[in-house]
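Engineer: Quick one: structure below, then a few questions.
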Amino acid sequence: MTTNPAPIWHPFTQHGLDDPIPLIARGEGARLYDADGNHWIDAISSWWVTTHGHAHPRIMAAIRDQSEKLDQLIFAGWTHEPAETLAAELIRITPDPLTRVFFSDSGSTSVEVALKMALGYWTNVGQARSKILVLEHSYHGDTIGAMSVGERGVFNKPYEPLLFDVGTIPFPHVGREQASLDALEAACAQLPAAFIVEPLILGAGGMLIYPAWVLAEIRAICARHNVLFIADEVMTGWGRTGTRFACDQAGVIPDIVCLSKGLTGGALPLAVTLCIEPIFAAHLSTDRSKAFYHSSSYTANPIACAAANANLEIWRDEPVQQRIDTLAHTQAAHLSLLSHNPRVANPRRLGTIAALDIVVPDSGYLSNLAPRLIAFYRDHGVLLRPLGNTLYVMPPYCITAEDLAQVWDGITLSLDRLS
Ligand SMILES: *Cc1c(COP(=O)(O)O)cnc(C)c1O
């Protein structure tokens with residue numbers, strides 16, 4: 001295995017403890033290769049972004065084509081064909097009330113944009129509403145605003161003094177859904193600006209799933225109190241939960257939607273925040289001070305937009321839904337084989353995502369569990385990255401049955417080793 005020699009400070013990495021870092025040279029489908037010909041199965045889609053597989057020929061071709069025409073363009077006061085096509089297509093495939101597309105470049109920035117849209121809306125319509133409601137255990141990104149609306153803990157402890165106050169609604173655990181809905185109802189009565197939520201499944205919070213009817217109720221409560229409903233579909237979007245968007249399963253139409261990760265099929269960084277017309281209209285004026293003051297240098301980068309357009313063409317022309325259904329079905333079969341393993345608790349699945357909690361009697365061992373498992377899987381040719389004691393498999397939709405079986409074999413072996 002070739003490893004990293006350069007002075008890079010890696011994300012979410014304790015360089016004082018963790019192992020040497022593999023140097024990857026090439027990716028194809030669900031596999032990653034190093035220069036020596038070793039390969040790993042990417043069982044978490046390179047952190048939830050790769051949907052159709054690495055280096056999908058159609059996305060790579062779109063990137064090559066666009067790179068010969070226009071690489072980058074200021075997006076304030078100027079526009080280009082890939083962004084125009086993408087925005088029109090996004091509006092076409094999402095529910096009618098969503099009418100406007102704002103570009104940015106990561107999930108975190110799409111969330112910052114959503115929060116600023118909500119606050120800008122209330123300011124411009126002349127109402128003093130600025131409180132944001134969130135769901136317990138949520139994750140919305142690592143910038144200061146996104147951390148503020150996410151779960152507080154070891155990951156953001158040093159930055160706590162900079163984080164703003166939010167109202168936290170308890171997670172709707174099985175049997176306690178009504179308590180959660182009642183808490184939201186009470187909080188909405190205080191006239192907050194918005195409620196932001198990951199629809200149907202909280203990803204980084206531990207792959208916590210809640211039912212579609214709860215999401216529909218949440219949405220109805222927000223509507224009743226005129227609280228803007230923000231769906232963070234950064235992880236759930238593009239088929240992960242079994243449908244193109246998780247909100248589709250609950251028949252829910254948000255006021256604001258954040259999309260990133262699979263937007264380009266996972267090939268290039270790009271994000272969008274879609275909103276309903278009244279939010280845009282509140283910023284539309286002959287008064288310049290009412291404009292939406294947000295931009296980043298690479299907003300709507302043409303090459304990234306071209307990759308996203310290729311993703312949408314793949315959704316249009318290839319049997320993507322069929323691949324998702326097949327993967328979901330196979331994941332369910334593998335998960336059920338492990339459901340009686342004494343080391344497994346709460347086996348659960350939503351669409352292509354399968355997760356379980358590992359039962360470890362000694363909690364001191366727990367703190368060390370995830371890094372040890374990561375190393376074990378890496379040595380067995382699989383890229384997995386547990387969240388604490390929560391193990392999940394979230395592969396690209398093109399993974400072969402054989403590769404997926406190897407992933408689950410590795411998991412079974414690792415659980416046996418724990419005994
Ligand atoms: C990953 C993620 C984000 C942040 O996206 P980045 O591109 O990493 O900034 C935001 N929300 C959710 C639900 C995510 O899973």
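Sequential numbering from 1, following the chain as shown.
Cβ coordinates come from backbone N, Cα and C, glycine included.
In TrEMBL, annotation is done automatically, which means it is predicted and not curated.
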Engineer: Based on TrEMBL, name the residue from D36, D42, D232, D357 that is recorded for the same pyridoxal 5'-phosphate site as G107, S108, S296, S297.
Structural biologist: D232
Engineer: Select one residue from W47, Y139: among these binding-site residues, choose the one with the most other Cβ atoms within 10 Å of its Cβ.
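Structural biologist: Sorting the candidates by Cβ neighbours within 10 Å, the top entry is Y139.
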Engineer: For K261 (substrate binding site), which of the three DSSP-derived states applies: helix, strand, or coil?
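Structural biologist: Going by the DSSP assignment, K261 (substrate binding site) falls within a helical segment, counted as helix.
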Engineer: Given a separation of at least six residues and a C-beta threshold under 8 Å, show me what packs close to K261 (substrate binding site) in the same chain.
Structural biologist: W48, V49, G107, V234, M235, G237, W238
Engineer: Using a Cβ cut-off of under 6 Å to any atom of ligand 1, determine which of the binding-site residues W47, S108, S295, S296, S297, R385 qualify.
Structural biologist: S108
